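The next block holds one structure in the form of structure tokens; read it before the comments.
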Amino acid sequence: MKKKIVAGNWKMNKTFKEAEDLLFGIADALISGRPDDVEVVVCPPALYLELATDVATEHDFSCGAQNLSEHEAGAYTGEISAAMIRSTGAAYVILGHSERRTYYGEHDQLIGKKILQALRHELIPIYCCGEVLEEREAGRHFQVVEKQISDALSGLDADAFSKVVIAYEPVWAIGTGRTASPEQAQEMHAFIRKVLASHFGEHAANDTTILYGGSCNAANARELFANPDVDGGLIGGASLKAEDFVKIVNSF
Ligand SMILES: O=C(CO)COP(=O)(O)O
């Protein structure tokens, strides 16, 4: 089912005490007011997931991880499995983020395996796609995003899309302060829905929640979320301050 979501990707930030403060800060700010129909998702480093889900359960928000292993279990030093993440009470997992593609060599085929692994363990993948600046300037952004979607999601049945979130994150907008314009975001989100319809059917297109990510903040969220195909945001920097993050939640 398509829904409104605001998700915070903390990336590799916060010590334990800082994470605790931020989680309680978010909980407090949400108590002061929030729209009923927006799901709030917090994605801290995996180390803090159990703590986060404890706070989240009491304050009606959800949690997600930032990555998982494509393997089930076993001798994979340093990896974290889907079952482990699910056992903390987390409901979501960010997969295919451009930072993982760039710094850790993740590619669509591997990400596709991780998506299936997430679904197998009842985690909702937030699949990130988006072009780099060169690709946009060359007019290849639609082609790039279509390929990322068809390659990584090719193993899914049409029914799975009710349990998949897509985040369009143009790489040139991530952490740069340069946001996609509301028109650019809407244009790409509508295109993603068209791609989903043509590869997986109308249901997949209508069921899938599509978030925008890339320098989304309290000042520009309202304009971005006002677009018919923008179902919410995946927030990086602005999710690290409780007040800013909850302002974004209240931008619908
Ligand atoms: O990468 C992002 C979320 O996953 C976006 O990061 P910023 O909001 O810091 O640009």
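Here the Cβ of each residue, glycine as well, is placed from N, Cα and C on the backbone.
Straight from TrEMBL, the features:
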type     : residues                                           : note
ACT_SITE : His97                                              : active site, electrophile
ACT_SITE : Glu169                                             : active site, proton acceptor
BINDING  : Asn9, Trp10, Lys11, Gly175, Ser215, Gly236, Gly237 : substrate binding site
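Features per TrEMBL, on structure.
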{"residue": "Asn9", "record": "substrate binding site", "Cβ contacts under 8 Å, 6 or more apart": "Cys43, Gln66, Ile94, His97, Gly213, Leu234, Ile235, Gly236, Ser239"}
{"residue": "Trp10", "record": "substrate binding site", "Cβ contacts under 8 Å, 6 or more apart": "Ala19, Leu22, Val42, Cys43, Pro44, Pro45, Gln66, Ser239, Leu240"}
{"residue": "Lys11", "record": "substrate binding site", "Cβ contacts under 8 Å, 6 or more apart": "Gln66, Glu99, Gly236"}
{"residue": "Glu169", "record": "active site, proton acceptor", "Cβ contacts under 8 Å, 6 or more apart": "His97, Ser98, Cys128, Cys129, Gly130, Tyr212, Gly213, Gly214, Leu234"}
{"residue": "Gly175", "record": "substrate binding site", "Cβ contacts under 8 Å, 6 or more apart": "Ser215, Gly236, Gly237"}
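Only Gly175, Gly237, in sequence order, out of the binding-site residues Trp10, Lys11, Gly175, Gly237 have a CB under 6 Å from ligand 1. The sparsest Cβ neighbourhood within 10 Å, among the listed binding-site residues (Gly236, Gly237), is found at Gly237.
For the residue listed as 'active site, electrophile', the number of other Cβ atoms no farther than 10 Å from its own Cβ, over all displayed protein chains, is 27. Ser215 (substrate binding site) is surrounded by 20 other CB atoms, counting those within 10 A of its CB over all protein chains shown.
The full span of the recorded substrate binding residues, Asn9, Trp10, Lys11, Gly175, Ser215, Gly236, Gly237, taken as their largest Cα to Cα distance, is 14 Å. Report note: the substrate site is defined by Asn9, Trp10, Lys11, Gly175, Ser215, Gly236, Gly237, and the residues of the same chain whose CB lies within 8 Å of the CB centroid of those residues, excluding them, are Ile174, Ile235, Ala238, Ser239, Leu240.
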